[in-house]
Amino acid sequence: MAFCFLAAILIASLSPFAYASDPSPLQDFCVAVNDSVASVFVNGKICKNPNMVVAEDFFFSGLNKPGNTSNPVGSMVTAVNVNNLLGLNTLGISLARIDFAPYGINPPHTHPRASEILLVVEGTLYVGFVTSNPGNKLFTKYLYPGDVFVFPQGLIHFQFNVGKTNALAFAGLSSQNPGVITIANAVFGSKPPINTDVLAKAFQVEKKVIDYLQAQFIN
């Protein structure tokens, strides 16, 4: 139950800047309508009739279950956002559980719509983020259970399990739908692929290197 308590602390700590990215609500709540088509027409989700709202609209169960880390990067993110917890609509906040196998990594990525606060529950993580151009300064830290680290909105960041045992962390994000752009997947696994001439010039390598990298991300 310790992870639940720590997760609750994490959520509470987000309150002062919960609306850093998303617009402030103009009513008590706006439970999202579970309709993917409706979401096309608004920046967010259409509100459910308040008279139809029930307690389950504000409830999510399952963050006590470890994610499957049997994948090439050895990590799994279990996200709780407006898409699976409709009551988050307009509240400017979301949560994620991140499981790491030994030496697993949450690869360099960005959240275009949110800052992130990370709480380590188990294991030892090496984390960091890089500032924007032209400085590109790297900030890193080793985190242990109970440690907290913040990743500013939109900046490239990562988490790496440096231990021989599993690691667990919870992340709070200042958006109901923070989004994620995994750098390698976006650059080398786009559909259709980015022209190899473009990437070879950008990374200052031979085209065969780009061909190899793109091949790793083709499904």
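Cβ coordinates come from backbone N, Cα and C, glycine included.
Per TrEMBL, these features apply:
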- 1-20: signal peptide (SIGNAL)
- CYS30-CYS47: disulfide bond (DISULFID)
- 61-211: domain 'Cupin type-1' (DOMAIN)
- ASN106, HIS111, GLU116: oxalate binding site (BINDING)
- HIS109, HIS111, GLU116, HIS157: Mn(2+) binding site (BINDING)
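Shown on the structure are the features that TrEMBL records.
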{"residue": "CYS30", "record": "disulfide bond", "Cβ contacts under 8 Å, 6 or more apart": "LYS45, CYS47, LYS48, ASN89, THR90"}
{"residue": "ASN106", "record": "oxalate binding site", "Cβ contacts under 8 Å, 6 or more apart": "VAL73, SER75, VAL77, ILE98, PHE100, PHE158, GLN159, PHE160"}
{"residue": "HIS109", "record": "Mn(2+) binding site", "Cβ contacts under 8 Å, 6 or more apart": "ILE156, HIS157, PHE158, VAL180, ILE181, THR182, ILE183"}
{"residue": "HIS111", "record": "oxalate binding site", "Cβ contacts under 8 Å, 6 or more apart": "PHE151, GLN153, GLY154, LEU173, SER175, PRO178, GLY179, VAL180, ILE181"}
{"residue": "GLU116", "record": "oxalate binding site", "Cβ contacts under 8 Å, 6 or more apart": "VAL150, PHE151, HIS157, ALA171, GLY172, LEU173, SER174, PRO178"}
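If you average pLDDT over the domain 'Cupin type-1' (61-211) in this model, you get 97. Using a 10 Å Cβ-Cβ cutoff, HIS157 (Mn(2+) binding site) registers 22 neighbours. Counting every protein chain shown, the number of other Cβ atoms lying within 10 Å of the Cβ of CYS47 (disulfide bond) is 18. Those same-chain residues not listed among ASN106, HIS111, GLU116 yet with C-beta within 8 angstroms of the centroid of the oxalate site C-beta atoms are ALA96, HIS109, THR110, ALA114, LEU118, PHE151, HIS157, GLN159, ALA171, LEU173, PRO178, VAL180.
The Mn(2+) site is set by HIS109, HIS111, GLU116, HIS157; from the centre of their CB atoms, other residues of the chain with a CB within 8 Å are THR110, ALA114, PHE129, PHE151, LEU155, ILE156, PRO178, VAL180.
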